[in-house]
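Noted in TrEMBL for the protein shown:
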ACT_SITE  K69  active site, for sulfotransferase activity
BINDING   K69, G70, G71, T72, R73, R152, S160, Y260, K275, G276, R277, A278, H279  3'-phosphoadenylyl sulfate binding site
DISULFID  C261-C270  disulfide bond
DOMAIN    60-299  domain 'Sulfotransferase'
SIGNAL    1-20  signal peptide
Amino acid sequence: MAPLLLGAVMLVAQLQLVPSRPAAVPGDEPGQPELVRKAVTLQDEIPDGAAPNGSTQQLPQTIIIGVRKGGTRALLEMLSLHPDVAAAENEVHFFDWEEHYSQGLGWYLSQMPFSAPHQLTVEKTPAYFTSPKVPERVHGMNPAIRLLLILRDPSERVLSDYTQVFYNHVQKRKPYPAIEEFLVRDGRLNVDYKALNRSLYHLHMQNWLRFFPLRRIHIVDGDRLIRDPFPEIQKVERFLRLSPQINASNFYFNKTKGFYCLRDGGRDRCLHESKGRAHPQVDPRLLNKLHEYFHEPNKKFFELVGRTFDWH
């Protein structure tokens, strides 16, 4: 009987491969949320495991925190061209979804890709930027983490936001109101429309700057990334302290799609057809109202980050 029990225990131990932990993750930062402290303690009690090829799962050293419809998927795909980057395939929603966060860092770690010791693990969840609880939670995991934020013209981002939800309804054969019904209320701009709030970048940035110095946050110009991706991705490489491995030859303009696609090791790939959809036709007067509404918030954001962007 004893040999059988011993064999069963060894089989379970082999099945429960637990990835290694990055040494940089702190467990006792002042003010660190109790949940995260417990998760790290729990993690320390679990033996390390590795994949057969010697790779392990690591907590991300970099997170693309947003913004929704700012170009996060394009940024992640371009960054994945670098051989020293291992990217999580799906949006993890660990820090903004309570049902995920309550499961602790062990669960978060299990969502990461296997990577070599020299590789940088990256995940992207665009909702992080506008979620009030997220900055403190990320800081509790690793105050030295490097954050990537990609932003577009706030007005264009609002239109993209609506377009995504509209097509989601179309695919489900459900009706969806015209954008004017969301943007206008009683003849005025509807400032309660959630898509507008997501484009008030200065409010969300203030929350992140309470926990992270500006030097820890690199802002990618999403509009320039669309027009000319290579210079923008070079800046990202420098910020992440990666060797310059991505080249101009990794990008080519697809005339049919109307935007840049990627060339990786002789293999061409473009973003999903859901990306780059045409925005709805909007009355120019309403567009002007949008531009006017974002004028002052944009100025506040420029002052906050010490740089300007080519927005209306």
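Backbone N, Cα and C define each Cβ position, glycine as well.
Predicted, not measured: the structure shown is a model, and the values here were computed from it.
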Rounded Cα distance in angstrom between G71 (3'-phosphoadenylyl sulfate binding site) and C270 (disulfide bond) is 13
Distance, the residue listed as 'active site, for sulfotransferase activity' to S160 (3'-phosphoadenylyl sulfate binding site) (CA atoms, angstrom)
6
Rounded to the nearest Å - Cα separation of C270 (disulfide bond) and K69 (active site, for sulfotransferase activity)
17
Please give me the recorded positions out of K69, R73, H279 that lie within 10 Å of C261 (disulfide bond), comparing Cα atoms only.
none
Just the number: how many Å between the Cα atoms of H279 (3'-phosphoadenylyl sulfate binding site) and K69 (active site, for sulfotransferase activity)?
12
Ranked by the number of other Cβ atoms within 10 Å of their own Cβ, which of the recorded positions K69, R73, H279 ranks first?
K69
Cβ contacts within 10 Å for C261 (disulfide bond), all chains included, total 17
Within the predicted model, mean pLDDT of the domain 'Sulfotransferase' (60-299):
94
So for C270 (disulfide bond), how many other CB atoms are inside 10 Å of its CB?
16
